[in-house]
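Feature annotations, courtesy of TrEMBL:
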type	residues	note
DOMAIN	689-747	domain 'CBS'
TRANSMEM	81-102	transmembrane segment
TRANSMEM	130-151	transmembrane segment
TRANSMEM	181-199	transmembrane segment
TRANSMEM	242-265	transmembrane segment
TRANSMEM	277-299	transmembrane segment
TRANSMEM	329-353	transmembrane segment
TRANSMEM	442-461	transmembrane segment
TRANSMEM	467-489	transmembrane segment
TRANSMEM	501-525	transmembrane segment
TRANSMEM	531-552	transmembrane segment
Amino acid sequence: QLTPSSFLRIGQLSNVDLNEDIHELETELPRQHPNEIPHNEKLLSLKYESLDYDNSENQLFLEEERRINHAAFRTVEIKRWVICAMIGILTGLVACFIDIVVENLAGLKYRVVKDNIDKFTAKGGLSFSLLLWATLNASVVMVGSVIVAFIEPVAAGSGIPQIKCYLNGVKIPHVVRLKTLVIKVCGVILSVVGGLAVGKEGPMIHSGSVIAAGISQGRSTSLKRDFKIFEYFRRDTEKRDFVSAGAAAGVSAAFGAPVGGVLFSLEEGASFWNQFLTWRIFFASMISTFTLNSVLSVYHGNAWDLSSPGLINFGRFDSEKMGYTIQEIPIFIFMGVVGGILGALFNALNYWLTMFRIRYIHRPCLQVVEAMLVAAVTATVGFVMIYCSRDCQPIQGSSVAYPLQLFCADGEYNSMATAFFNTPEKSVVNLFHDAPGSYNPMTLGMFTLMYFFLACWTYGLTVSAGVFIPSLLIGAAWGRLFGISLSYLTKGSIWADPGKYALMGAAAQLGGIVRMTLSLTVIMMEATGNVTYGFPIMLVLMTAKIVGDYFVEGLYDMHIQLQSVPFLHWEAPVTSHSLTAREVMSTPVTCLRRIERVGTVVDILSDTSSNHNGFPVVESNADTTQLCGIVPNHLFPPKVFVERANLNLVQRRLKLKDFRDAYPRFPPIQSIHVSQDERDCMIDLSEFMNPSPYTVPQEASLPRVFKLFRALGLRHLVVVDNRNEVVGMVTRKDLARYRLGKEGLEELSLAQT
């Protein structure tokens, strides 16, 4: 539903192609680039619209529902299952594509650089190798950053905050477009191959969601193709359910964790939940893991052995050698505390960095330069660390992909290189599984320190990249260090296996950064294939969350807040019982009469100040004007004005299908030309209005209004007085304005940016 405001800036447009977006229209205006954009986190942006999760039960809707018989409903249900299976298969295939391409390109890059280093170690002049490595990284990342910055900025980052907002009911422009998916996939491949401190797991969640949104609508607006299937699902309610299935399929392809995917969708994403939905989402997740597994097995040449369920495989942890005893539980809890503190530090640094980026680095060309700088610095840091490290390990019996000899004796390799000279996923697995004694504590300490700052600097760049794997890697490094120091302290006692502590450290660090509890426990259990560690992982994650929340919010929530998105949490702020609907609502409300002049309707829709996008319809009695319905702004049909101009000339009734074909981009009012004669006609709104809107009395408390609004996924909530007269309207922004700050309840101001 397009806001009128964007069009008023451009003036009256006589005709707009429905498939063009506001975005393309705005580019006609000269863009001024200030040097600094003043940004404040205590703002809520007015540019985000709300999705309507509640079906508008107008006459057209009820007529269509009555026409559908029981058998047709069964067909709809079967279609839902088919769509979920397709989501699973396609998400799995996209994950395979990313995995295979990254493996080949990164392998090529590392082989080239390794040969070069081996050549120059012998005859001197290693600075050339450094130059080669940094240039390769920067050029690959440049391509990845250019496509994101100039073609589709929504594809930047991991996409989890955006999907979280979408499932919460905020309409983020371009977030589930085919174009976004293509840029996302290419961007992820390029940023991982470019050696940035990023993972390819987070973006899988976004990719899954885009696939789900595309399939369930049965058409693509980017390709301008309509396949005329699944037309019943063209509304926010259905689309949102499928997007949560797509997000789950993405998690399960990334980690090989179908149950974790369902729980992720439940914990982070979906605001609305029911049993059938859960079962369908689980089905999509399972299919997605299975597809990935079978394709990768064929690719690796063992077609019958399904051994790679996810993009990252932590490898098996054997319970026999790696059990834990009761006295280790306090140690695990302590690791959780460390993870929480480090995670809070990571988030706080990233917060200041993001504020700086929003203010100063907002031009696309600057963003590309920054990404290239980070890529070059990452390569340089890695090179210098490998160059200065004197930690040599024997080659035989080790599973290093690209062993760099450098200044080690023959038959030995540099162990710092296993951490830096590899894709992050492989490094994580090495830290989990390498035999005790394959890393020097000094190596691990330096690696943790450098990688912490690199990962923090990288998150929020204009490239598609996830934060899951870098967090796991930082945690695994300091966890392993912790395990080694424990076995020093206990004189090499048997239970201090460093791999086990690497796993706990990884969980603690990731939990401290993103603050997920339930789904993360299950994901870690499924990815390691070991239930024994369920309890310690849960303890570690709980501790990390409690400690981290004491200091600062989770990374995703922080980025949502920095974008000034009107996000509704599960509950209203706890101290808000003193506020009532009268204080929260927006007034005055623009109301329409049941039979209204066309000119009046056109003027109201063209006016930017009535930005509720929904209009109560009232009837005047002797002394009161009572509410009798509400019309969302996209249900004002373009065709009706002319057809109803003379009320006895109605050739064909409008059907709901006419509106559904325009979903999700309804034409703006400026694209409809209304002549002066037509302005004087009357239009009857009773067919289009929802005759039973949700209302609250003006004395209702904020938590009560919030609960109703949030649980039903409304877009408008009409506030009435005791005579059923409209006194105000509650929209998402009115509720999201109130937030618990450090001093108590604070009210955010609204801004146009």
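A Cβ is built for glycine as well, from the same backbone N, Cα and C atoms used for every other residue.
Recorded stretches compared: 81-102, 242-265, 467-489, 501-525; the one with the most Cβ pairs under 8 Å to the transmembrane segment (277-299) is 81-102.
Across the domain 'CBS' (689-747), mean pLDDT in this model comes to 87. The stretch in 130-151, 181-199, 442-461, 467-489 that contributes the largest number of Cβ pairs under 8 Å to the transmembrane segment (81-102) is 181-199. For the transmembrane segment (467-489), same-chain residues at least 6 beyond its ends with a Cβ under 8 Å from one of its own Cβ atoms are 158, 197-202, 254, 312, 331, 335, 338-339, 342-343, 346, 419, 424-425, 427-428, 431-432, 436, 439, 441, 444-445, 447-448, 451-452, 454-455, 458-459, 496-510, 513-514, 555. If you look at the transmembrane segment (442-461) against the transmembrane segment (329-353), you find at least three C-beta pairs under 8 angstroms, all six or more positions apart, and that counts as contact. Note on the domain 'CBS' (689-747): DSSP counts are 16 helix, 21 strand, 22 coil. Looking at which of 181-199, 242-265, 329-353, 501-525 has the most CB pairs under 8 Å to the transmembrane segment (531-552), the answer is the stretch 329-353. Tertiary neighbourhood of the transmembrane segment (242-265): same-chain residues 83-84, 87-88, 91-92, 94-95, 163, 166-167, 176, 200-202, 204-213, 215-216, 233, 277-278, 280-282, 284-289, 291-293, 308-313, 468, 516, 518-520, 522-523, 525-527, selected by CB-CB distance under 8 Å and a gap of 6+ residues from either end.
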